[in-house]
Amino acid sequence: MLNVTKLNEELRNLSLSGHVGFDSLPDQLVNKSTSQGFCFNILCVGETGIGKSTLMDTLFNTKFESDPATHNEPGVRLKARSYELQESNVRLKLTIVDTVGFGDQINKDDSYKPIVEYIDAQFEAYLQEELKIKRSLFNYHDTRIHACLYFIAPTGHSLKSLDLVTMKKLDSKVNIIPIIAKADTIAKNELHKFKSKIMSELVSNGVQIYQFPTDEETVAEINATMSVHLPFAVVGSTEEVKIGNKMAKARQYPWGVVQVENENHCDFVKLREMLIRVNMEDLREQTHTRHYELYRRCKLEEMGFKDTDPDSKPFSLQETYEAKRNEFLGELQKKEEEMRQMFVMRVKEKEAELKEAEKELHEKFDLLKRTHQEEKKKVEDKKKELEEEVNNFQKKKAAAQLLQSQAQQSGAQQTKKDKDKKNASFT
Amino acid sequence: MSKGLPETRTDAAMSELVPEPRPKPAVPMKPIGINPNLLGYIGIDTIIEQMRKKTMKTGFDFNIMVVGQSGLGKSTLVNTLFKSQVSRKASSWNREEKIPKTVEIKAIGHVIEEGGVKMKLTVIDTPGFGDQINNENCWEPIEKYINEQYEKFLKEEVNIARKKRIPDTRVHCCLYFISPTGHSLRPLDLEFMKHLSKVVNIIPVIAKADTMTLEEKSEFKQRVRKELEVNGIEFYPQKEFDEDLEDKTENDKIRESMPFAVVGSDKEYQVNGKRVLGRKTPWGIIEVENLNHCEFALLRDFVIRTHLQDLKEVTHNIHYETYRAKRLNDNGGLPPGEGLLGTVLPPVPATPCPTAE
């Protein structure tokens, strides 16, 4: 039997007497990831016209092609676009998913559904890949949503009920980062009140938004300071205005210029810092270890799989699977039987119908035959009559001819007699 | 064929969409290459730092197995590699006590730290391998152990409620010690490597290389390589897993110089005013880290400094996946290629597929 001894269960810390070189491990790991490229998927939820596309353009410093959506969408649609961005040696596959038509309908009861379904579909696709026998997870194109930017309309009062409902439905499935859009319509004093109102409403409704991680010293501080400013009030713009002697992204109004990257004017820089420069990797990790695992757990439990005793796991999975498979096959057989029965019945019916039709046809045929026979007889009778008549006629004709020839003969004789008489008289 | 599960409702509001039987896993990929001259710095490249920080925090696992007959210097070499007493040497050669009757598997774990990077290193020793008179099938316990680790990992992975980080006890690297006979490989060597090269990354090393001169060394290496090739044994780095041309050229160079002829030592001596690890003999001091003397430094750089992560990845992405596929196939009786729960999973409801524009 296999004799495995595991010594030192509590691991000793050993000190090294020289440079070994495994401190290059993080680099090795990172190099591998760099050559493969990274995926990052952002979902933008917000009403039409609230500035989602503009903000994306501003965040990623480029103009993603898009036509502004109309307000006449019959329902909420998700539109996803993928782009490849590169900065130094880092390649990023960025996917931006837009909610088209959100908030436009008169009845918004079901507005959140397409969004939830889309998020679930991406989890499902990953789960399917993970459960395959022959799978290739290491080069799987990850489409799961890593961050959801929820655009709050700058009413200055509070959250709309649609916002609360939607965020509540999404908070266990995705990292939600709420932002106040078009923040240049709110004055500074109103903004602070608005932000507090929103945060307290979120808390009182139990909405779990994304928490910037504070467990690691290097980022704890910055994350903590930034969290205080949630939700970020942002302004987006790709237009550049000359400020001082530099060009900067801004919005020009008659009463002044709102600078996008000026932290006094709006929180755009904070959003960019948090979303991209500090927590992008954490967002990806949370999506995978928390939201995806939750989805997976629920999905598998829903299908009837359970963790049983530790020493029979793949077997229990297999057993449940076998049981389900048998159940399914049984059902299949039953259905097959039913279908067969129905088919037999139908065939019988059709057969009967056909038999009826055949009988009818036979009858018709007999009738026709009889009619035909009768007609034939009639015709023959008539033919006979006709022949008789013809015969009679011939007889009559013959008799007449005879008479005529007799008459002629006698006539001819008479004429001859007459001639002779005449001739005799002449002499 | 009905999947036997309820159809899901499609919202009337989604009348615009084309209901698909299965959502496309990938978003409609029209990767539009954006002009690299972006209008300004975004900060995407910070993800490298973010990732590095995260991995440093979680730490790394590395499991290395050493296989070879007693006395070939396995423990010494491992200690030299990791510059610490990770492996306790068989102290005295007492024939009655020390040779185990069968192959034993001894796994010893330590935590070592360098430059802020924490590594849980597990050295798996296999005393008794090749030491009996009759060594038939002595690789079986080793193969069994390796498969057991894969099984453990699979069990964890298949759980409903999974751990955040599944403990990795799979063998990432197996150093196989070849006796420096100078002739060729022994039948036991060939048998072992033939069986195990398919389940684990094998790195053959020529032990106690200080018994061979330079010419003998290079001849022996060539013969060993030839023999391995003839027997269809692929040692790490395997040719079939070279990802791109860059990998291939780099790995070709390494493969050409393998198996590394190594000398191990944990004693330090003074050479030219420096303290170096070496072996002192009447005819000179063999410096372990001197490339002119032996190839220890090459082995160390290869295993630790450049290919450590790759060893783990090949184990995870290839060897483990092979084991998993075989295991699921055998036990589920499913046709290969079909998902484990293929016929049981409900058809994914007609979701609003992201329309590509």
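Note that Cβ sites are derived from N, Cα and C of the backbone, with glycine treated the same way.
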Swiss-Prot tags one of B:31-34, B:207-210, B:299-302 as region 'G4 motif' - which one?
B:207-210
Least buried of the binding-site residues B:Gly68, B:Gly71, B:Gly264, going by other Cβ atoms within 10 Å?
B:Gly71
With an 8 Å cut-off on Cβ-Cβ distance and a minimum sequence separation of at least 6, pull the same-chain contacts of B:Thr211 (GTP binding site), or say none.
B:Pro180, B:Gly182
Within its own chain, what residues at least 6 apart in sequence put their Cβ under 8 Å from the Cβ of B:Lys74 (GTP binding site), listed in sequence order?
B:Val66, B:Val67, B:Gly68, B:Ser87, B:Asp125, B:Leu175, B:Phe177, B:Ala207
Taking 10 A as the limit, how many CB atoms besides its own sit near the CB of B:Lys208 (GTP binding site)?
21
Residues of the region 'G3 motif' (B:125-128) by DSSP state, where helix covers H, G and I:
0 helix, 1 strand, 3 coil
